[in-house]
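Chemist: This is the structure, below, for whatever I ask next.
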Number of protein chains: 2
Amino acid sequence: MEAHVKDTAPLEERIGYTFQNRKYLDIALTHSSYANEMKKNLSSNERQEFLGDAVLSIIVSDYLFHTFHLAEGDLTKLRAAMVCEKSLCEFARQFSLGDYLKLGRGEEMMGGRTRPSILADAFEALLAAIYLDGGIEPARRFVLGFVVDTLEHRDEFAFTDYKTMLQEIIQKNPEERLSYVLVEESGPDHNKSFVVEVHLNSNVIGSGRGGSKKSAEQAAAREALRLMGECP
Amino acid sequence: MEAHVKDTAPLEERIGYTFQNRKYLDIALTHSSYANEMKKNLSSNERQEFLGDAVLSIIVSDYLFHTFHLAEGDLTKLRAAMVCEKSLCEFARQFSLGDYLKLGRGEEMMGGRTRPSILADAFEALLAAIYLDGGIEPARRFVLGFVVDTLEHRDEFAFTDYKTMLQEIIQKNPEERLSYVLVEESGPDHNKSFVVEVHLNSNVIGSGRGGSKKSAEQAAAREALRLMGECP
């Protein structure tokens with residue numbers, strides 16, 4: 001094994017997936033700068049990146065479609081935010097993908113190992129590797145871990161503000177009290193679905209479904225806002 | 001049933017798919033102009049179009065990735081050509097999708113039933129309907145019928161010129177004779193794979209795999225060209 005090529009077992013452990021055919025993993029980690037340097041017809045990760053782009057899109061789209069009762073325009077914006085280079089690069093950094101890449105000498109010297117475009121492309125190629133090796137379900141589990149986490153914890157997604165918006169409207173009248181009640185929890189562990197009602201005093205003023213309690217609460221708050229005429 | 005709403009059984013027959021839950025089909029056929037006119041919270045096909053866009057991409061990408069040994073840039077161009085409005089509109093016209101759409105009065109009067117953007121969007125929404133109702137496999141069969149046919153019969157796809165390019169080079173020497181030999185045929189009916197060798201006199205000068213004999217011949221010709229140094 002060449003000195004700069006890391007053992008990939010820790011990577012498989014961190015991403016929670018063990019390859020049956022490590023060829024796909026090897027290709028995912030091979031940047032074109034390395035393949036070009038080696039010549040001898042070595043495959044770079046570019047073709048897998050092409051496929052991974054589409055695998056990512058169907059997984060994220062399917063999840064958003066079923067989780068959020070948003071209009072097409074909002075779904076499209078959310079999807080774009082999840083699959084953009086910035087997000088993919090953040091996902092890749094969470095498991096130090098850059099450390100495992102095979103880069104050409106020039107690219108290595110110019111800091112390619114931390115370059116966002118290289119990390120985002122390699123993330124897509126790795127996703128395709130899981131898809132080619134194990135099918136759509138392990139690919140889905142891999143991606144949704146990052147996506148759900150991002151949707152729940154990144155403040156810049158506008159829809160996470162529905163609860164706050166609703167709270168601000170309701171608290172103008174100090175006697176009113178808002179509460180969120182979980183009324184349903186279903187589905188297998190990796191694909192749970194929650195239904196939450198938002199109550200104003202003892203009245204149900206909205207309900208929503210989501211892949212987490214938090215996103216179901218947001219959906220419920222959004223419905224309440226819509227029914228109150230506060231939100232498109 | 002309203003006068004302008006067609007019975008959808010002939011449509012199901014033409015596309016070769018019968019819905020278990022016709023709700024998805026109804027939504028796919030409902031243009032936003034009709035939903036807006038009806039009010040009463042009728043769902044238009046826009047959310048399904050969002051999902052169908054991604055379903056289309058994974059099916060076409062997976063097919064191209066496995067069928068053509070092309071570089072990422074060529075795969076991306078081919079995918080773009082297959083999923084563009086022009087192609088989707090042609091697919092939709094082949095089974096008269098426009099005849100089954102529910103449009104608002106204004107849109108109907110302005111010729112919406114034959115508008116390319118409306119047909120392409122409805123095609124994606126219909127694809128999502130099949131995916132939601134029956135999963136990825138019937139969606140794949142539905143789309144690949146159009147895609148494979150288009151790849152084989154539309155002359156503007158540059159890679160269909162490999163055989164011609166090879167022929168033109170070979171015929172400079174009138175004694176040489178090119179022939180294509182099918183050496184393998186495998187896979188189920190809806191997802192066949194062919195391997196073809198291209199022979200120069202009695203020598204194999206290239207081989208290629210494809211989802212049809214024609215595309216396998218093109219792949220074989222391309223390999224021969226590449227080995228001759230004629231083609232990147």
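For all residues, glycine too, the Cβ spot is worked out from N, Cα and C.
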Chemist: Please state which member of B:GLU49, B:GLU176, B:GLU184, B:GLU185 TrEMBL lists alongside B:ASP121, B:GLU124 for binding Mg(2+).
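Modeler: When TrEMBL describes the Mg(2+) site, the candidate it includes is B:GLU49.
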Chemist: For the recorded positions B:ASP53, B:ASP121, B:GLU124, which Cβ has the most other Cβ atoms within 10 Å, all shown protein chains included?
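Modeler: Output for this query is B:ASP121.
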Chemist: Rounded to a whole angstrom, what is the C-alpha distance between B:ASP53 (active site) and B:ASP121 (Mg(2+) binding site)?
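Modeler: So the Cα of B:ASP121 (Mg(2+) binding site) lies 9 Å away from that of B:ASP53 (active site).
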Chemist: Relative to the mean position of the Cβ atoms of B:GLU49, B:ASP121, B:GLU124, the recorded Mg(2+) site, which additional same-chain residues have Cβ within 8 Å?
Modeler: B:ASN45, B:GLU46, B:GLN48, B:PHE50, B:GLY52, B:ASP53, B:ALA120, B:ALA122, B:PHE123, B:ALA125, B:ALA128
